[in-house]
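Visitor: Just passing along the structure, written as C-alpha cells.
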C-alpha cells in the first residue's frame with residue numbers, strides 16, 4: 001500500500017510540473033465554455049432550442065478527457081520511457097500492475113476534479129440548469145469514455161520501440177485529436193472533408209455519447225456499443241504493447 005501511494009505521489013508531482021497539461025486540462029475548458037456560452041444564449045439542434053451552455057458542456061468535458069488521457073498519459077508515459085523511469089521502478093520492486101493502477105487512478109482523479117470544477121462554473125457562473133439531467137447516466141458514460149481515451153493514450157505512448165518516437169507520435173496525436181474530434185469546435189461546422197475524417201475516429205461516437213446523454217438524457221445504444229468495443233480492443237492492444245522498460 002505504501003508503494004502504491006508513493007507512486008501516486010510521484011505521478012502527481014510530475015503532473016504539477018507540466019504547465020501545458022494543467023492549462024489545457026483545467027483553464028482552457030473553463031475559458032472556452034465561458035466564451036461560447038456568453039456569446040450565444042441558445043442554439044437550434046435538430047429543430048429544438050438548446051441552451052449554449054448545455055451544448056458546450058459535454059464538448060469541454062471531452063476536451064478535458066483528451067488532454068489528460070492522451071496528453072498527460074500518452075506524452076507522459078513515453079517521457080517516462082525516455083528517461084528510463086520504468087527501469088528505476090523495476091529495480092525498486094514496483095510491478096507493472098502497481099504502476100498502471102496508480103497511474104490510472106491518479107489520472108481519473110485529475111480529470112474528475114477538472115470536470116467537477118467545469119460543472120460548478122457552468123452552474124454558478126453560467127446559470128446551467130440541472131433539472132431533467134441524467135446525472136448518473138452521464139457519470140457512467142463519462143467513465144466508459146475516459147477508459148477508452150486513457151487506453152488510447154497508453155497505445156500512443158508504446159506504439160514504437162523507440163521512446164522518443166513514441167513521444168512524438170503521442171504529441172502529434174494529442175493536438176490532432178483536440179482539433180479534429182469536435183472537442184474545441186463543433187464537427188457540424190467543420191468543412192466537409194474534416195467532418196468525414198472526424199466521423200471515422202473513435203472520438204466521434206465518444207463525444208456523441210456524452211452530448212446525447214447530457215442534452216437528451218439518453219444516448220444511442222449503437223454509440224455506446226461502439227465506444228465499449230473500442231475500449232475492449234484498446235485494452236488488449238495496450239496490454240500487448242505496453243513497455244515497462
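Glycine too: its Cβ is placed from the backbone N, Cα and C atoms.
Residues or ranges marked as domain 'ABC transmembrane type-2' by TrEMBL: 20-245. What TrEMBL lists as transmembrane segment is 20-37, 57-79, 100-126, 138-157, 169-187, 224-242.
Are these features on the surface or tucked inside, and what touches them?
Guide: Beyond the transmembrane segment (138-157), the same-chain residues lying 6 or more positions past its ends with a Cβ under 8 Å from any Cβ of the stretch are 61-62, 65-66, 69-78, 81, 104, 107-108, 111, 115, 166-167, 169-170, 173-174, 202-203, 206, 209-210, 213-214, 219, 224, 227-228, 230-231, 234-235, 237-238, 241-242.
Proximity of distant same-chain residues to the transmembrane segment (169-187), defined by a Cβ-Cβ separation under 8 Å and at least 6 residues beyond the stretch ends, is recorded for 24, 32, 59-60, 62-63, 66-67, 70-71, 74-75, 77-78, 153, 156-157, 159-160, 194-195, 197-199, 201, 203-204, 207.
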